[in-house]
Amino acid sequence: MSAYYRIAVDGFSSCGKSTLARQIAEVLGAVYIDSGAMYRAATLLAIQNNCIRDWHLDTGCFMPVIQRATIEFRTTDNHLLLNEKDVEKEIRSPEVADHVSEVASHGFIREIMVQMQRSYSEKSPVVMDGRDIGTHVFPDAEVKIFLTAEPRIRAERRYQELQEQSVNISFDEVFENVKKRDEKDQNRSVAPLRKADDAIEINNSYLSRSEQLEQALEIVHKKIGDVL
Ligand code: CDP
Ligand code: CDP
């Protein structure tokens, strides 16, 4: 039993997890943690230290680097600080997206990230989004939501976002990346992406941001209305 409640929002790539988790945290006054951003930060660090070769992580090269690293979220704007540097923009690059599922498949990296994720929840209530939050990070989370949306719709949303940031990438490349990551995330041996048995599913393919929030808050109030 934890001192603070934990709300897990898991699901496939680009289905709106961060949008929803951030919305819930804002309404409830909880801390929002983007666990995907942490794996992205680890990937950026691996790239910067030349520890990725032929699409594979050189674990001997990366282990001492990640063990020394600090990953924090700045309270004022929630930006991720890697070794105290704001890398919020760099971790969203297509290069990081291409390598992140490989980096996130390694057990020693997941152990370090999970330890950090659990420590955040000891200080305040959290809403955390990712792939293994309800199954592995907080198997006894008070609320578990599993978000889904059709693959093409997810790729369109991500493509739209990248267009707005003037990133030079085609729709097909984005779609390919989304499908590849889903496949790798579901099939890795350590803490693969899957819906926890006690998670409640929301398919937001045709839901607006406010409609998905409404559905999620209904679930939250049913589960932990008494402690809010
Ligand atoms: O935003 P998007 O859905 O594209 O991905 P993300 O949440 O930023 O996560 C990036 C990658 O990190 C995922 O494709 C997974 O490979 C990995 N990840 C993970 O393994 N476990 C988590 N709890 C969160 C992310
Ligand atoms: O965190 P994840 O990768 O799952 O997705 P996200 O970054 O929260 O959302 C990807 C994009 O989909 C964002 O531009 C959201 O605004 C958009 N979105 C949407 O259009 N409709 C929804 N119901 C949820 C998200």
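Cβ coordinates come from backbone N, Cα and C, glycine included.
The domain 'Cytidylate kinase' annotation in TrEMBL covers 7-221.
Feature annotation from TrEMBL assigns ATP binding site to GLY11, PHE12, SER13, SER14, CYS15, GLY16, LYS17, SER18, THR19. The Cβ of CYS15 (ATP binding site) lies under 8 Å from the Cβ of LEU147, THR148, ALA149, ARG154, ASN204, each on the same chain and at least six residues away in sequence.
Excluding GLY11, PHE12, SER13, SER14, CYS15, GLY16, LYS17, SER18, THR19, which define the ATP site, the same chain contributes LEU20, ASP129, LEU147, ALA149, ARG154 within 8 Å (Cβ to the Cβ centroid), listed in sequence order. Residue with the densest Cβ environment among the binding-site residues SER13, THR19: SER13, by other Cβ atoms within 10 Å.
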